[in-house]
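This report concerns only the one structure given below.
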Amino acid sequence: MIPKTKGKIIPIEPSSPSAAAMSRFVRRLAGIPWRQIAGEASSVGLLMAQGLCAVHVVSEHVLGVAFPRGPSMLPALNMAGDVLLTDKVSPRRGWVGPGDVVLLLSPEDPRKIVAKRVLGMEGDEVTYPVDAGNSDATKTVVVPQGHIWVQGDNIYSSNDSRQFGPVPYGLVKGKMSYRIWPPSRIGSIDSKE
Amino acid sequence: SLRLHGTEEDCSDRTSSQCIRFRAQFTAFLQCFCTSEVQILPVCSDRIVLIMGARSQLWSIAKMSVTGGVIGVTISDRYVTVVAIKGHSMHPTMTATDSALRGDIVLAEKACLDQYKFSRGDVILFKCPSNHKEVFVKRLIGLPGEWIQLPASSEIIKVPQGHCWVEGDNAARSWDSRSFGPIPLGLINGRVTHIIWPPSKIGRVERKWPEDRIPPF
């Protein structure tokens, strides 16, 4: 029997059964269209790389998804299970103002991303409770240039500007604009003072 | 009515189906503007085939530039980016001149932003704390938790957690942590590793720091 491989006819000339098996194996290997497979693999790989790059560009510069956890923004955000759309264009253009809920890198640990509400922009006077729950004492500060004052809605359980002071605007990474999960609370995040 | 002429004999099979589609779209488009009937006769003339060719050329150029741009932005955000130095705060390590072409150009890597682990003496890019649109390049000389002696008053302060102390090599013309205090690590954009222009300065950027200001003195 003469095997056909890619139109080439290779004659069999076995000297022993094992050599015959070996030469059959080698012939089958040679018959696999390696160049075509490599070409397809590289084009699929390139397509996947382009897709991943597109996903990165969109989620970093246009619209991302966030899963905030923790009690510091109750009742606006649940403790867990919320899925929010983050607008990445607004902070870069400076369209962030008091009342917006923003994502920012924590000034205490840059690997942590926290969600808080902006209470004051540069130049604003912010009055805040110094020791919520224990006393009614308040303090008033003026937010320095290029900084913002962020506070969690749940002042009894929030580590925010009352502890770490006003943060530079450059730490803001996104503005929470819309909640897409859970279904009962789908809608835009209210902007309130 | 509007008539465009051409000869059908010039059509090959592929271009004819494209021509038919183009004709239908073009007719519909023109119909929006003309009150009288629009009619396009068989248009496989050289002129229309040229339009078809130019259209698909432009389309493939547009596709390639968008793909290249997306890949370039991803690489520049996550791995390595090229920055031209403006300002004189890092002289003589890096100098700037008025024109971007003659100032120093450096390579900055972004892998350090994964864990925010830096070493004393690294040259870093960071956003200015009082203006998020400006990017500064300075040397990191105080890590979180370390002590720094201020030059003016000789008092010793501790760099808070999550912050760092940055100073320019050219102390006289550098606006840095001596003025605006320690900066949060989150403002850092990258770490400068090599100078790639001018050719006389090509090479790694070495780590160094003022020994007399960091304990033990």
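Please read every residue number as a count from 1 along the shown chain.
Using the three backbone atoms N, Cα and C, a Cβ is placed for every residue, glycine included.
Taken straight from TrEMBL:
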type: DOMAIN; residues: B:61-150; note: domain 'Peptidase S26'
type: ACT_SITE; residues: B:S89; note: active site
type: ACT_SITE; residues: B:K138; note: active site
type: DOMAIN; residues: B:157-197; note: domain 'Peptidase S26'
### Summary
Tertiary contacts of the domain 'Peptidase S26' (B:157-197), defined by C-beta under 8 angstroms and 6+ residue spacing from its ends, are 81-83, 88-94, 104-110, 112-113, 116, 118, 122-127, 129-130, 135-148, 150-151, 203-205, 210
### Task
Using all protein chains in view, find how many other C-beta atoms are within 10 Å of the C-beta of B:S89 (active site).
24
### Message
So if I measure Cβ to Cβ from B:K138 (active site) and keep only same-chain residues at least 6 apart in sequence, which ones fall under 8 Å?
### Response
B:S89, B:M90, B:V123, B:I124, B:F126, B:V166, B:E167, B:G168, B:S174, B:D176, B:S177
### Message
Please compute the mean pLDDT of the model over the domain 'Peptidase S26' (B:61-150).
### Response
91
